[in-house]
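Among the features that TrEMBL reports, transmembrane segment is placed at 160-179, 233-253, 273-299, 320-339, 384-404, 411-431, 458-478, 498-518, 538-558, 570-589, 601-625. Look at TrEMBL and you will find 230-621 tagged as domain 'Acyltransferase 3'. Among the features that TrEMBL reports, region 'Disordered' is placed at 643-669.
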């Protein structure tokens with residue numbers, strides 16, 4: 001990449017804050033615009049040929065035909081004020097065919113047509129003067145967003161509705177906490193751990209911050225939940241890796257002084273472990289499927305196999321009520337106050353898009369169909385996982401009820417479902433002419449993957465992610481059968497060897513994906529469809545092996561570490577952290593004022609900071625919304641419960657892999 005620095009910089013920005021300083025009484029208002037600059041092809045230019053050749057490696061490089069600029073109108077006007085009309089005309093580019101992605105779709109940001117009419121000509125002439133003087137090239141300029149020093153924050157009815165909801169929740173928590181404290185006659189902490197003597201009182205203390213704090217931090221004494229306690233550590237560690245992966249995505253989205261560093265990484269075979277880090281969400285699917293199967297089998301045994309299909313809609317409703325309140329609260333936050341809480345040259349580009357999508361498409365999230373409907377205009381983009389997992393949960397629950405009702409057909413049914421989980425995605429990969437892996441290109445990340453064909457068709461759909469959840473279910477069923485036969489896998493030397501090898505095999509299995517980055521294999525392809533399915537589901541098999549090994553304590557030191565008490569609340573906060581971490585990371589990355597030099601240490605610091613801030617926000621959400629609503633949910637579904645025991649067991653707060661108790665109450669992991 002020795003010729004890299006001959007090309008125009010991908011990012012270049014004027015001083016945003018200086019541009020928007022309050023002007024004097026007789027001065028025009030300051031205006032700062034973010035632009036996409038598309039270089040006009042010029043086959044007589046050696047530099048253009050270099051740009052074209054370098055960008056043709058589209059899987060590993062940015063498209064250097066498309067530049068991003070942040071320009072102050074005052075600076076522009078000053079730079080071109082002495083140009084003659086002929087010179088200005090020479091720097092105005094006639095329309096030319098543009099077949100590359102260079103902006104978000106129209107109609108997302110407000111007032112862009114007005115800004116284009118007012119500033120397009122001066123900006124294009126200004127940018128082309130710099131490009132022509134420095135590189136001998138000219139370009140088409142597209143305004144992405146503009147900020148004015150006279151812009152004012154406008155608060156509408158929806159914004160006010162969020163404040164009303166927030167104030168109501170704070171009032172509920174305050175009053176409930178006061179009431180709970182006032183009836184604590186003995187002034188002991190045990191009061192908050194015990195159920196009260198009437199259902200009415202329990203409803204009154206649902207929002208009690210003291211009681212909910214104990215629910216968050218307590219540990220269950222149930223034997224099964226003690227065996228599965230390590231799941232809380234898995235949740236937290238997986239959540240941290242998700243944040244790390246999204247930091248890598250934001251590095252590709254936001255302005256950097258050394259974009260070539262990311263492009264160099266893409267030439268390294270070892271980088272495939274990082275690039276395929278998108279597989280980490282499959283860990284959640286594997287855990288969720290395993291927990292669902294383990295707890296359903298336990299529930300079915302208590303009922304001696306008498307489980308009706310009528311139980312399915314009840315479980316779906318229970319799950320919906322469990323997941324949705326805090327999810328809806330985050331959607332409302334994104335639709336209202338996110339945009340108003342920060343400014344910057346990219347802020348409207350990164351926050352107003354979210355506001356627009358959430359106001360348009362919130363209903364797809366609340367129906368959990370957002371991974372199929374309007375997936376290219378996502379509200380709370382990480383919610384694709386919740387949609388996919390909710391849909392698979394319904395299918396898996398029906399399968400589990402079926403095998404309990406027809407126990408003799410257990411193996412054929414599970415076998416057919418597993419075969420379908422392999423064949424269906426393979427058929428989609430083949431007939432949609434897709435690659436043999438989810439190729440994560442830098443250019444697609446520039447537009448947050450919204451318009452990337454592979455992201456929309458080979459990453460977020462339910463049918464693509466179905467296999468690893470079902471393999472998780474199979475893991476749970478296998479565990480149940482092993483328990484019936486009193487088999488301890490930790491005593492099997494063969495299983496212990498496989499368990500240890502899994503930690504090496506899974507990362508190594510990601511390395512062959514590099515061949516798809518350096519080759520353009522013809523599609524449709526049977527072998528690529530098969531490779532896609534096998535490589536994706538191999539990860540889920542590995543997760544199942546690791547889970548079984550941890551349950552049986554193949555490595556006692558690892559299990560003790562994963563069972564440390566501090567993982568308990570961290571794991572329970574992971575659902576909230578999953579929902580809010582992009583909100584936090586927008587502030588850390590998208591609010592930058594200019595290109596940043598990201599070092600490895602700075603990136604790790606940002607990831608660590610984002611993790612801590614996300615958990616703190618999740619704690620607030622947990623005590624304000626999540627735990628109170630689950631407490632009310634338990635009262636709502638109280639008529640379905642078995643008689644309760646005296647001690648109040650802590651309730652699980654998870655992130656997508658919801659541990660549903662099948663006696664009508666939540667499990668106590």
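Positions of Cβ are set from backbone N, Cα and C atoms, glycine also.
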Handout entry: Result, the transmembrane segment (538-558) in contact with the transmembrane segment (498-518) (3+ CB pairs under 8 Å)
Key = yes
Problem - Spatial neighbours of the transmembrane segment (160-179) far in sequence, C-beta under 8 Å, 6+ residues away - result: 204-210, 329, 332-333, 335-337, 623-625, 628
Exercise for the section: Check the domain 'Acyltransferase 3' (230-621) for me and report the mean pLDDT. Expected result: 93
Problem - For the transmembrane segment (233-253), sequence-distant contacts whose Cβ falls under 8 Å of one of its Cβ atoms, 6 or more beyond its ends - result: 262, 274, 277-278, 280-281, 283-284, 287, 350, 382, 442, 445-446, 448-449, 561-564, 567, 570-571, 573-574, 577-578, 581-582, 585, 589-590, 598, 603, 606-607, 610-611, 614, 654-655, 657
Exercise for the section: Sort out the residues at least 6 away from either end of the transmembrane segment (538-558), same chain, that have Cβ-Cβ distances under 8 Å to it, and list them. Expected result: 227-228, 230, 279, 282-283, 285-287, 290, 467-469, 471-472, 474-475, 478-479, 488-490, 495-496, 498-500, 502-503, 505-506, 509
Practice task
Compare 273-299, 320-339, 384-404, 458-478 by their Cβ pairs under 8 Å to the transmembrane segment (601-625) and return the stretch that comes out on top.
Solution key: 320-339
Practice task
State the non-local partners of the transmembrane segment (320-339) in its own chain: residues 6+ outside its ends, Cβ under 8 Å from one of its Cβ atoms.
Solution key: 158-159, 161-162, 165, 347-348, 351-352, 354-355, 358-359, 362, 365-366, 368, 379-380, 383, 386, 390, 575-576, 579-580, 583, 586, 621-622, 625-626, 629-630, 633, 636, 658, 660, 666
